[in-house]
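As recorded in Swiss-Prot:
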- GLU327: active site, proton acceptor (ACT_SITE)
- HIS328: active site, proton acceptor (ACT_SITE)
- TYR130, GLN191, ASN214: NAD(+) binding site (BINDING)
- SER237, GLN259, HIS262, HIS328, ASP361, GLU415, HIS420: substrate binding site (BINDING)
- GLN259, HIS262, ASP361, HIS420: Zn(2+) binding site (BINDING)
Amino acid sequence: MKKLNTQSPDFQAGLKALLAFETAQNPETERIVADICADVQKRGDAALIEYTNKFDQTNAKSIDDLILTQADLNAAFERIPNDVQTALQTAARRVESYHQRQKMESWSYTDEDGTLLGQQITPLDRVGIYVPGGKAAYPSSVIMNAMPAHVAGVKEIIMVVPTPKGERNDIVLAAAYVAGVTKVFTVGGAQAVAALAYGTETIPQVDKITGPGNAFVAAAKRRVFGVVGIDMVAGPSEILVIADGTTPADWVAMDLFSQAEHDEIAQAILIGTSQAYLDEVEAAMDRLIETMPRRDIIEASLGNRGAMILAKDLDEACEIANYISPEHLELSVENPQEWAKKIRHAGAIFMGRYTGESLGDYCAGPNHVLPTSRTARFSSPLGTYDFQKRSSLIQVSEQGAQKLGETASVLAHGESLTAHARAAEFRMK
């Protein structure tokens, strides 16, 4: 891991270098994805079946072979162990409860002229959820993407999940059952994104696509954005821990590992105010790494993009955190709620030593789909509001038409838009 000290004259340069991440798009990936999207848009189900058989090594004869029914999802739920059933239900219940509180409601008011103004909230009609498949499957992603849509009132929640060599993951399908997914198609990759965006003979066009995927899925989401909405194009996972030295070093070490184990380019950073404590955490990491099944990935991640930063105090640590704008921020300090008030930019803020980031990944309640790569400066976690739309309401009274008409007429003539002005003037006495 890199070692930085805020008192060093080259600290800012070192911090910028630490956060620099090459996000340039791969031209070959973009070309392949463009071809796949165009083909699916043109040939529909036939192209989808062809690509699925090719990339997932399946033997689908028709689109019916790629459809799972509610009975299939229920059967998958019944096959998994009781403790896993309970865990999925507990996580879904907590995520639902949290996202209910995010739900936007319609409102209106009437001004002094009797004109009604307001905002009408409506859910999206249909959304698509992309879920990675195979052995590296993430049932938590199903719950985090589908449940907010369900809470928002979306009528159709369509999930696409690849099944390499026909391998279905019962826990993923059980999560779909618990989270209220209405349809499942066993397709993946850019071809699945294209099918959701453009529609095929069997898969209906959706209004928005959410969910994680590989580079091809990310490229496809970028390509179809504008035809449909997307959640975000997420970068590598990130965690930043601010520690005052009161949390056991082993806990902090494992929290850093929890994000580093995702990917060789994931980022784990620790900011402390004591060199002795940073040394203690480093020693804990050296000891605990021996127990990690994904040791190679963790070591590569920490070597590539990990860091320990020595700050002069917690105020400075919080300012650094605001600059970094991390996906996950742990405030492993005393009085964490007070320090949280100093944080302006973070996807999720985990307050206190008992609030491990992994609890948020699975079952705390808030969404784990979070902005990465410093985009928390201007964007937010996935939520119920992402599956709702706002329409402005305007009902002008007869009296209001006189005053508003006069104003509109003057402004319209100023823009040389005569019909605009006349339309307002016709309603004036």
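Yeah, the Cβs are placed from backbone N, Cα and C, and that goes for glycine too.
Shown here: features listed in Swiss-Prot, placed on the structure.
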| residue | record | Cβ within 10 Å |
| --- | --- | --- |
| TYR130 | NAD(+) binding site | 28 |
| GLN191 | NAD(+) binding site | 29 |
| ASN214 | NAD(+) binding site | 13 |
| SER237 | substrate binding site | 24 |
| HIS262 | substrate binding site | 18 |
| GLU327 | active site, proton acceptor | 29 |
| HIS328 | active site, proton acceptor | 26 |
| ASP361 | substrate binding site | 19 |
| GLU415 | substrate binding site | 9 |
| HIS420 | substrate binding site | 15 |
Near HIS328 (active site, proton acceptor) (Cα-Cα within 10 Å), the binding-site residues in question, chosen from TYR130, GLN191, ASN214, SER237, HIS262, HIS420, are SER237
Here the Cα-Cα span from GLU327 (active site, proton acceptor) to TYR130 (NAD(+) binding site), rounded to a whole number of angstrom, reaches 20
One of the binding-site residues TYR130, GLN191, ASN214 has its Cα closest to the Cα of HIS262 (substrate binding site), namely ASN214
Rounded to a whole number of Å, the separation of the Cα atoms of TYR130 (NAD(+) binding site) and GLU415 (substrate binding site) comes to 46
Students should find that the Cα atoms of HIS420 (substrate binding site) and ASN214 (NAD(+) binding site) sit apart, in Å rounded to an integer, by 49
Among TYR130, GLN191, ASN214, which the record lists as binding NAD(+), the farthest-apart pair of C-alpha atoms sits at a distance in angstrom of 13
Counting across all protein chains, other CB atoms within 10 angstroms of the CB of GLN259 (substrate binding site) number 27
Other than TYR130, GLN191, ASN214, the chain contributes near NAD(+) (Cβ within 8 Å of their centroid) the residues VAL160, PRO162, GLY188, GLY189, ALA190, ALA192, VAL193, GLY213, PHE216, VAL217, ALA220
One should report the C-alpha separation between ASN214 (NAD(+) binding site) and GLN259 (substrate binding site), rounded to whole angstrom, as 17
